[in-house]
Each structure stands twice: as structure tokens, then as C-alpha cells.
Amino acid sequence: MLKAFKSSSSSSSSAPPASKPSISVSTSNLHRNKSVQSTKSMSSVKSNTSLNSGKSMSSMSSHSSHSAEQNIKHSTILSPINQSPLVPNYTAYKFLIVDDNLINLKILYKILNKLFPKALIVKLNNSSTVLKLVEQEKFDLIFLDIEMPPINGIEISKRIRSTKKFNRMGLIAVTTRSTEKDMKIYKKIGIDFTFKKPLNCNLNLILNNIEIILNFRKNKKD
């Protein structure tokens, strides 16, 4: 019995140890799972990057389109109001322009000569001789500066409008004094229209307004 026990004990001790579960397979699966997760993560990052890039490009495109639209609107606002070619009036009118500033006289003369090539244009830089000249010669239209010595444009206009025989003579102020209050005064004393200095508005607009005044005064009774 003792021998049998020993033999059994010996046999038990010499038997190889029980094999452990395959860790290598589990580790391999773990690495594989990590690799798959990493691939998915990278794919997700790329996808998000692509989406964000698409949104960014879309935003940039939208911004660029909006900027272009603003530029178009801006250029439209700055474009000339009237781009039609100038058609001069060839009627042989007689104009008088009065200004104590010789440069202003020269500028206005050039403009009127371009608009009315056949007109006779008389320049005068001394306001004290205006009334005497008006008595001697008949003018269709007088262009007056307002601020000038010794007699200003308002006083000259008052004296002209106080005489009925000058009813068919048009009066246009060319001045820097063009507030709403000033305009009311000019209208009250009989000035037909006012051009603001400097004369940088469209030539067709200037021509049109002058022709309106000429026609208006032509139909006035003495």
C-alpha cells in the first residue's frame, strides 16, 4: 500500500503542469481591435476634417460671393447718373455771367460754350456795372454769383425783378451759399434756379435745367 501511494505521488509530481489559456491569441486579438479602433478613429478624423474643410470652403465661397456683390453694388452707386452723350443746344441765346472771381468766370464760360455753342456769352467781373449793361442790352439769361462786392447777387436780382420789362430775363444763381434758408430767399426775390459751386454735376443736367428756365421765362408776359 505504501509503495502504491509513493508511486502515485511520484506520478503526480512528474506530470507536466496544466497548460494556461492562450494569452498570445488574446493579445493578438487585442492588438487587432486596437488597430481597427485606430483605423476607425483616423477615418473619423479624416471625415471630420473633410467636412470641416468643406464647411470652411463653403463659408469662404459664400464670403467671396458676398464681397463681390457688395463691390458690384458699390460700383453701381458710384457710376454716373446720366451717361447719355451730350447734345448741345444750338440756339443763338445771349448770356451774361457775373462773378468777381476770374477763374470762376472762365470755368462757367467754358461750360456754357460747350452746352450752347452758338450763344453769345458776355463775362463781367464788376457787379457795379451789371444794371447799366442790362439796360443797354437784352439778355436771355443772367448767371449771378451771390457773394461779390460792391453789389451782391441778391441786390442785383431784386432790382431786375422790380422792373417788368425784364420779366422774360432768366436769373440763375451760381454760388456756394446754397442752404435751405438761402434757397428760400433766392426764390422769394425771383431767382429761377441755383447751381452749387463747384459746378461738377453732369453736363446734361446743367443743360436741361437751363433750357427749362429759358422756356419758362420766354412765356412770361412783360
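These residue numbers are counts, starting from 1, taken along the chain as shown.
Glycine is no exception: its Cβ is also placed from the backbone N, Cα and C atoms.
What TrEMBL says about this one:
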type     : residues : note
COMPBIAS : 1-26     : compositional bias 'Low complexity'
COMPBIAS : 27-55    : compositional bias 'Polar residues'
COMPBIAS : 56-67    : compositional bias 'Low complexity'
DOMAIN   : 94-212   : domain 'Response regulatory'
MOD_RES  : D145     : 4-aspartylphosphate
REGION   : 1-71     : region 'Disordered'
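Listed in sequence order, V98, D99, D100, N101, N104, G153, A173, V174, T175 are the same-chain residues six or more apart from D145 (4-aspartylphosphate) with CB atoms under 8 A from its CB. In this model, the domain 'Response regulatory' (94-212) carries an average pLDDT of 95. Across the domain 'Response regulatory' (94-212), DSSP assigns 56 helix, 24 strand, 39 coil.
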